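Q: Sharing a structure with you now.
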Amino acid sequence: MCAEALDAVVRGLYGEFSAFRGTGKVADYIPALAEVDPGHFGVVVHTLPGHVTACGDADVLFSIQSISKLFTFTMAFAGRGESIWKRVGKEPSGTAFNSLYQLEAEAGIPRNPFINAGAMVISDMLLADYPDPMAELLAFLHRLTGDESIGYDQHVYQSELEYGMRNASLAYLMKSFGNVQNPVDEVLRFYFKQCSIRMSCRQLAQATQFLANQGMNPLTGRAILTPSQTKRTNALLLTTGLYNEAGDFAFRVGIPAKSGVGGGIAGIIPGQLSVVTWAPGLNTIGNSQLGIDFLEEFTTRTGLSIF
Ligand code: DON
C-alpha cells in the first residue's frame, strides 16, 4: 500500500472512531491514573521508509505503564541473551497481569516477561547489570527516539508506590522462591518508575521501529537486537503482550503488540510499520477498548497483519 493510500485509510478510520472517544473505563486502581481525561484519542502509524501519519492527540504525553515492559525486556534480552529464560517463561499466562496464584503454583517463575511478575524479574536482572538502570532505560529511549526530553512522572510514580500492594506481594513471593536477588524495595521502585514514563504516540511509534526493522534502530543504524531475537520478541508480543486478551487480540487484530493501563497500545507489523494508539478508556481486562477496536479495523481495511 502506498504512503498516500495508507494515510487516507488511517485518517478516515480516525474520523470514524473519534465518535467513540471515552468508551471504556479509565484505570482507577492507581489514583493518579484516574485523573486522566477519558476523551483523549491519538493514533500514529510510522512506516519503515519513515512516513508518519499522526492523528488527534498524537503528541500528548501519557503514562506508558506496561508498554515499558517491552523496553526493559529488550535491554535484558540484548544484554543477557537466552539465559534469561531460566528465570522467566515464554508462555501465555491466561491470567490477569497482576495475578498471584499461578506464580505460587509455578515456584516463582513468571509465565512471561510481559506480566507484572515477569517484568519485575527483568527489573531485578537490570538492577544487577547496571549501576543506575533507570538512567540506562531513559538513555535507551532517548537513543531510540532521538528525543532527550523523555522522562517519568513523579506523581504517577508516588501513586504507584503507595498503592502497589499486589506488586509487592508478587515480588516477595518471587523472592521467597529465590527468583528475585535484589532487595524487593529496589525492584519495586525501579519497576514503578518505568511504568511512570511519559511518552506520546509519536515517540512510541519511533521507539518501536526497531522491532519492525529486524532489530535495527533506523535513526542510528545500530542493532538493538539480532534478527532472531527480534523475531522472538515479536512472537512473545503476539502471544503475551495483551495478557489474558492476547488470544482475542491475535484473532481480531493479528499483530504483535504491547498494551498498558494508561490506555496505550504499541503494535508492530514486521517489515512494514509500527502503529500506536492511545485512548485511556479500558475494557475489563485492562486494555484500551477504543485502541483495540481501531486496530482491528486498521488491519482489516489495510490487509496488513502478520497473517
Ligand atoms: O503494575 C502495575 O499495576 C502498573 N504500574 C502497570 C500495569 C499495566 O500497565 C498492566 N496493563 N495493562
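Using N, Cα and C of the backbone, Cβ positions are placed for all residues, glycine too.
Annotations per TrEMBL:
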- S66, N116, E160, N167, Y191, Y243, V261: substrate binding site (BINDING)
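Help me see these features in their spatial surroundings.
A: For Y191 (substrate binding site), applying a Cβ distance below 8 Å and a minimum sequence separation of six or more within one chain yields N116, A119, M120, S123, N167, A171.
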Q: Across all chains shown, how many C-beta atoms besides its own are within 10 angstroms of the C-beta of S66 (substrate binding site)?
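A: The Cβ of S66 (substrate binding site) has 25 Cβ neighbours within 10 Å.
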Q: Can you tell me the three-state DSSP label for V261 (substrate binding site)?
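A: For V261 (substrate binding site) - judged by DSSP and reduced to three states - the answer is coil.
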Q: Please find which two of S66, N116, E160, N167, Y191, Y243, V261 have the most distant C-alpha atoms, given that the record lists them as binding substrate, and give only that distance in angstrom, rounded to a whole number.
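A: Between the outermost Cα atoms of S66, N116, E160, N167, Y191, Y243, V261, the distance is 20 Å.
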Q: Starting from the Cβ of E160 (substrate binding site), draw a 10 Å sphere and report how many other Cβ atoms land inside it.
A: 25
